[in-house]
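Listed in Swiss-Prot:
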type     : residues : note
TRANSIT  : 1-19     : transit peptide
DOMAIN   : 49-305   : domain 'AB hydrolase-1'
ACT_SITE : S121     : active site, charge relay system
ACT_SITE : D145     : active site, charge relay system
ACT_SITE : H294     : active site, charge relay system
Amino acid sequence: MIFNSLSIKRLSSTXTSLPFKKHAKLNFDLYSPQHSTYGKLPYHCQEPIIFLHGIYGYSKSFNSDYQQLSNLLHTPIYSVDMRCHGETENCLPFTYDALAGDLDNFVITHNIKKPSLIGFSLGAKLAMLAILKSPHLYTSGVIVDNVPLKQPRIKPNLTAFGNALRDSVFKSGVKRNDPSWISKSFNVMKDVCSDMPANFYLLHNIQPKPSYLKKYSTEESENSLFCKVPIRELSSHVVENVPDWPEEDLAGVKTDVPILVVKASTSGFVNEDGVAALXKHFSDFTIVEVAGTHLVMKERPQEYISAVGRWFYQQNCKKAAALTKAKKTNDQKITQQPILSYKKIEIA
């Protein structure tokens, strides 16, 4: 996808005025398993799951999927807002290292024992980095359509996304009390970004009401719309850092933590170079292909949920087999131990 150079030029003038914090306190939603017919299926996940959204997403981006997965796997699912997203505080730096630090801190602070991670796009890269840097904290990961590589080719897309959000708030003139604010905001986005599915994904950031938890980005004039992300301050950091990957820091780092990679068939993210990069860092990875674009979770929710459910079931079967083998080996050791002889001592 190609966007005009004017969009990139406008974005480069973004000012930075957000505070710097080592750890952001992550807002989250918790989805607990509910009674359903899924209970009759053999899908179980012994550990809780944390879901990580994509860029300009938030904790409710795929909320119906979270509940389905929680029911299917009989495990709680935490869906978090990353820093500067949803209801989590606005702060810098916006780098993968900072996001991974926030995630580790969230796991430790909430005493979540060895969770598995499911990450989409930006969240997929974050999941891989967290597992590589802190493998002792995580059980496994599901990586939705991304790979551990630098991706400068996506910078024009990210530029267009940022400009679409910014123009819909600061240049559209649409008022929050306008009953047609949704359609008007979407029309503004279309003039800046030609990716219609992405625009629908981005639109949830535009709101007619402020938040009680954090300061939303808005025009100073009365009755203007709000944006959940601090778009003017954050845009340049997104374009610079989201395509990145800390290759130098992770040179030679490899883990046996298992991951499933969900490849969207037409997105081009999981290519040959990406598969080679996966093999450098993960000794136990599986790739499953689902028909669709990068937004495959929106386009084919049941297919990806089924693929994730099957993979967790297979992982649990492996764990059960390993435990059975270990128990059998231990029992054999016990039976092979010599019986201690003793002499009867008579007391006069």
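From the backbone N, Cα and C atoms, a Cβ is placed for every residue, glycine too.
Across all of the domain 'AB hydrolase-1' (49-305), the predicted model scores a mean pLDDT of 96. Of the recorded residues, S121 (active site, charge relay system) and D145 (active site, charge relay system) place their C-alpha atoms 6 Å from one another. Around D145 (active site, charge relay system), a 10 Å sphere centred on its CB holds 27 further CB atoms from the protein chains shown. For the pair formed by H294 (active site, charge relay system) and D145 (active site, charge relay system), distance between Cα atoms is given as 7 Å, rounded to the nearest Å.
Using a 10 Å radius centred on the Cβ of S121 (active site, charge relay system) and all shown protein chains, the other Cβ atoms total 25.
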